[in-house]
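Asker: Pulled from TrEMBL, these are the listed features:
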COMPBIAS  37-55  compositional bias 'Acidic residues'
DOMAIN    118-673  domain 'Major facilitator superfamily (MFS) profile'
REGION    1-66  region 'Disordered'
TRANSMEM  116-143  transmembrane segment
TRANSMEM  155-172  transmembrane segment
TRANSMEM  184-204  transmembrane segment
TRANSMEM  210-230  transmembrane segment
TRANSMEM  242-265  transmembrane segment
TRANSMEM  285-304  transmembrane segment
TRANSMEM  387-406  transmembrane segment
TRANSMEM  531-554  transmembrane segment
TRANSMEM  561-582  transmembrane segment
TRANSMEM  588-608  transmembrane segment
TRANSMEM  620-643  transmembrane segment
TRANSMEM  649-667  transmembrane segment
Amino acid sequence: MDDPYHNNVNQQMTEGGEYTYTQDGRDGYPYQTDYPPQDEDAASDATEGADEDNQMYEGEYQGIPHPDEIKEARRAARMEARRKARLAAQQEEEEENLPEQYETIMEDCGHGRFQWMLFFVLGMALMADGVDGFVVGFVLPSAEKDMCISNADKGLLGLLVYVAMLVGALVWGGLCDKMGRRKCLIYVLSIDLVFSFLSCFAQGYGFFLFFRFCSGFGIGGSIPIVYTYFTEFLQMDKRGEHLSWLCMFWMLGGLYASFTAWGIIPHYGWGFAIGTEFQIHSWRLFIFVCLFPALAALIGVVFMPESPRFLLENARHDEAWMVLRRVHDTNWKAKGEPERVFTVTNIQTPKTQEDEFIEIQSETGTAFQRWTIRHVTMLQQVVKQEVNSHFIFLMCLSYHGLGVWFPDMIKYMQYEEYESKVRVFHRERVEHFHFNFSLVNQIHKEGEYIHDKFANIEIKSVKFEDSLFENCYFEDVRSTNTFFENCTIKNTVFYNTDLWHEKFKDCRMENTTFLHPKKGCHLNFKEENDIVIYMVSFLGSLAVLPGNIISALFMDKIGRIRIIGGSMLVSSACTFLLLLSFSQGAVICWQCLFYGVSVAAWNGLEVISVELYPSSKRGTAFGILNGICKFAAIIASFIFAAFIGITKIIPILLAFAALVCGGLVALKLPETREKILS
């Protein structure tokens, strides 16, 4: 039976969990009969101690907290725990939904004009990196003569450029996760442009070395940024194919460098000089022309937006929404559907607990300490992917090692062929003779030259041993790889020649005069710029084209792992067949085949590297992996170069073993073909 009185009573819960009862229309009417009788000492906590506001709490002097304070602290702790639990649950749900949400948005934006514009802009940046990889090798034969670079210094230049690229990959890969892909790419290209331009005019080897090091530090960060940047504008079913197409620009960089070097460097007369101290020769003009891809990329990147995925990871939701809308509208307008509306209204990206931990650990430190903590943490995560890092090391060891071995082996074969044709003259006596023809590839032992004249000639690869020059006259003589050892030179004049003290080893000079000597080193482009070297580099870069096309077409169809494993195993077979190469033509053919097959593994490596790691750490991880690659290249250059002229069996077997092991290790990599970017 309903109680009419209780029908007009409502129950209400207070904040502390107690119930009060009020009648409809009457505020705060207590229904006290529901409470048990209370003693006088059991007064309400809310009123305890409130009778006399000025009364002093007796435990205050002893430092004992007031009971009200204890209860308030416990209540606040319970509320904070409940709030964190709710946020954790909400964060977990958002983290599960964000990758799918972003993938859906990119599918809605479509693949069209915007991605192709970004493709060509980033492709030029990748091309600039490819060009820089060839610049030092092409200019060294000329620069070492122009700036008197010794063999030790020449090796130092190649080493420091690789070290600079290694450091650049580590630094810029991490910074692009912190500062943004677009901003860091602008910095990278600007540094490369400025210091490459300055290296064109550096007259001393020290300045040239410094400028090339700084240029390498800049361009070394381009690869991690470019692939990370482009990946975040691609939907899942387009990633493998279009990242593989992007790899072609590195090949185009090699073609561009080889072709321009072939067309510019041998034309020594294209340079100019200001006095005797400031000289600009053709190889410096070649460096200047090599700046064009980086300049084009820099101009293009200025007009491109930041990666929306990076913006979301940094809670810049409005900017990310504007970029995604721009992508959407650009693509659909180009497809003739301008009426399509971008319907996304809300995107949320939570901050991961790991990031919060890193911030807590580093919030009191300096900017460098925070950067260090982030990179150490990321390095630990990358090292956990042991299969991936081991595979990259093996791949780079064989690829870059053979990349050094091929041109050096061809040069050595040329040298052997040249040495086999050397002419030896023993105890010849020449008097009152005018040498008006060049001396090439000769050895003169215990000869006597009396009242002879050497004028307007070139002396190339000639050695005079234990010989006598008496009353001779040398005028306008150009020499290359020419030396006088243990010779006696009497009453002889050297006028306007480059025969200087470093050309004479343990020689006795008596009444010898040097007039207007050409001090220092001087370029002889006829010898130093053999077109075979440019042709080899050009053909090697061109051979990559078929492998690029095949890998791009099948990357999403058969998967990354099969592409990588198959490419490396076939490459190992090509390497083993190098043992049967006994001529320059055979080495060049196997080089082209090796590059054409192995490029598929490189493309798969680039694709899988950006797909394995989360967006907030993708640039850092890719930078570390690229740094491992550069480190392997440094080791390989020393190992493979050491065996040139000794044996070809050891470097070939080493490359073969590395490729086979790398191909087997690649089979343990996770397949990421249908993986949504985390």
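Just so you know, glycine gets a Cβ as well, placed from its N, Cα and C.
It should be emphasised that the depicted structure is a prediction, and the values quoted were computed from it without experimental measurement.
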Asker: Does the structure show the transmembrane segment (210-230) and the transmembrane segment (561-582) touching, where I'm treating 3 or more Cβ pairs under 8 angstroms (sequence separation 6 or more) as a contact?
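Answerer: No; fewer than 3 Cβ pairs under 8 Å.
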Asker: Counting only pairs 6 or more apart in sequence, are there at least 3 Cβ pairs under 8 Å between the transmembrane segment (285-304) and the transmembrane segment (155-172)?
Answerer: no
Asker: Between the transmembrane segment (561-582) and the stretches 184-204, 242-265, 588-608, work out which stretch tops the count of Cβ pairs under 8 Å.
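Answerer: Ranking 184-204, 242-265, 588-608 by Cβ pairs under 8 Å to the transmembrane segment (561-582) puts 588-608 first.
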Asker: For the transmembrane segment (588-608), which partner among 155-172, 242-265, 531-554 gives the most CB pairs under 8 Å?
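Answerer: By Cβ pairs under 8 Å, 531-554 leads among 155-172, 242-265, 531-554.
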Asker: Six or more residues out from either end of the transmembrane segment (242-265), which same-chain residues have a Cβ under 8 Å from its Cβ atoms?
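Answerer: Those are 111, 115, 119, 122-124, 126-135, 138-139, 142, 226-227, 230-231, 234, 282-283, 285-286, 289-290, 293, 525, 529, 531, 534-535, 537-538, 540-542, 544-545, 548, 551-552, 555, 599, 602-603, 606-607, 610, in sequence order.
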